[in-house]
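Worksheet for the structure shown next.
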């Protein structure tokens, strides 16, 4: 089984990263290099989290084996023969190889490849790809040039920071510069930046995740928050539509000014391909105009302005598409929460939906998750499950906060994570060690990564589900994951006292710690920043609990959901009205579809049967006379009689929709006579009922 666990986790983590990327990214529309770069960054970060417990259990076994070898008594040279082999000294260290043991030499190489690949991605490749994807250039060379210019300041800043560390080490007379020490300085600089951001995100996630599940048990709270989101999203949706209209107007002007024989016409065609289909059909390509662009001294846009316009088109189209999809998803969520509120007082204890799902449900799921089971889960069990889960997560958060404040104490051991691992280490229960390590680092990762998925920096960084995340945000999330994961793992090893620089014990370090090098080169970071800075998580948790960040954003004009705010109440009322309006609109659509279906089922078959019988019982002589009269009259009649006849037949099949009618008749002839007027107009086209449905 040696190495089998490592191989299984490598495969499992790959499919996990692929599933998450498929949920947020769009494999069909986004560039392949963007998908590959983001997938590789997410995969390496998740891999570190899943493989680290195996490294801990393997290190504990190696420590046990090393202690058993050192404590074995020397052989007695005076005892020979049979007695020397018959009375072995019992071992005081019951070391046995764990099922997930990884042979020596594999983990150091594995960690070096994973760590340095992730660092290359986050500091060099992904920032360059980010600027490349956001560039509006029309050629690969132009995009590369734009990306290099944008990243010149970015790379120069980090080179300046690295140079400062390098000068500090060079000036210190007690230190000698070597390659390993330079490597340690680079690792320390990267981990310092990552730890600074890690504590901020961790302090938010430790409080917000348990609170979100506790509030999830409150149906009224979720429904009010959904109304609030609807009001804000409608504003963003309207702004996105207005921005798209303005950009499309600029594209139309450029399309009309630059003719087919202009050198920049290829650039205009590239811009038109990025526009929505309806705008492409409106504008079209003016291929019939053969006017030479050099004959008149007209002002034409430059290539630089076209690059800027191309960038605006990509951004506006992506934002418009994202808001449209998010609005549809939010409507479904609001309708479902309203259904839950209505079904809570149901006496039949069967869940009834206002609108049927447009997608066909799986028969297997429909059989087991029937309306009765759905009612018990949604109205009775789910709130209690969320409350219990919120309490469990709150206990985990308290353990993390306590351990972050006390992990530097080795005598006595105050960190609860270290206490659990040391108790398991005494009995060499490797299964318990791996489960405890996995749950601990998994909870820390969820607190940090979920914050990365939740935060939104205006419209520049925003991870939207249902394939609506742009390339810039995907690459930026990959950069954040690669910078946060190494300090997160070092912080976890410090909490469990598996890091020798924290425990101050001369024991065998883990393979992950060994590639980080000795932090003694920078003592003020190893003994100061790494130990005392994580204590700030207490202040951040208190600030998150009292929603200080939310209140500050409200003061700055960024509306956030707060129950005790007048602006929040106004937005909730506005969102409630928007949802009610969309609900009425959908109900009218479903009623119209049902009425059309009933009309076809009631009168469609009768009309077909009567037509078929009439054709069968026609006299051949009458048919010949009618054909002769038809041929004679065709010389004096218009050619489009057949077209008019087909049009009348189509109008007969259409259901008359008059939402203002007081009574409905079942006689198609009567309804036809009532709706058609001598002037050639229909009641649906009259001026009295045009705005009745608005």
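Any Cβ shown, glycine's included, is placed from N, Cα and C.
Curation does not apply to TrEMBL; its annotations are automatic.
On a predicted model such as this, the values are computed, not experimentally measured, just so you know.
Database features, via TrEMBL:
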- 6-21: transmembrane segment (TRANSMEM)
- 33-52: transmembrane segment (TRANSMEM)
- 109-132: transmembrane segment (TRANSMEM)
- 152-171: transmembrane segment (TRANSMEM)
- 183-207: transmembrane segment (TRANSMEM)
- 230-257: coiled coil (COILED)
- 384-401: transmembrane segment (TRANSMEM)
- 431-452: transmembrane segment (TRANSMEM)
- 472-493: transmembrane segment (TRANSMEM)
- 529-548: transmembrane segment (TRANSMEM)
- 582-640: region 'Disordered' (REGION)
- 588-624: compositional bias 'Basic and acidic residues' (COMPBIAS)
- 625-640: compositional bias 'Polar residues' (COMPBIAS)
- 661-694: region 'Disordered' (REGION)
- 684-694: compositional bias 'Polar residues' (COMPBIAS)
Is the transmembrane segment (384-401) packed against any residues at least 6 beyond its ends, judged by a Cβ distance under 8 Å, and which are they?
202, 206-207, 209-211, 213-214, 216-217, 416-417, 443-444, 447, 537-538, 541
Restricting to CB pairs under 8 Å, which listed stretch, 109-132, 431-452, 529-548, is in contact most with the transmembrane segment (472-493)?
109-132
Tertiary contacts of the transmembrane segment (33-52) (same chain, 6+ residues out, Cβ under 8 Å):
6, 9-10, 12-14, 16-18, 20-21, 25, 27, 110, 114-115, 117-118, 121-122, 125-126, 129, 133, 437-438, 441-442, 445, 471, 474-475, 477-479, 481-482, 484-486, 488-489, 492-493, 512
Mind looking up the mean pLDDT for the coiled coil (230-257) in the predicted model?
93
Distal contacts, the transmembrane segment (109-132) - CB-CB under 8 A, six or more residues away:
6, 33-34, 37, 40-41, 44-45, 47-48, 51, 55, 143-144, 146-148, 150-151, 154, 158, 190, 471-472, 475-476, 478-479, 482-483, 485-486, 511-512, 515
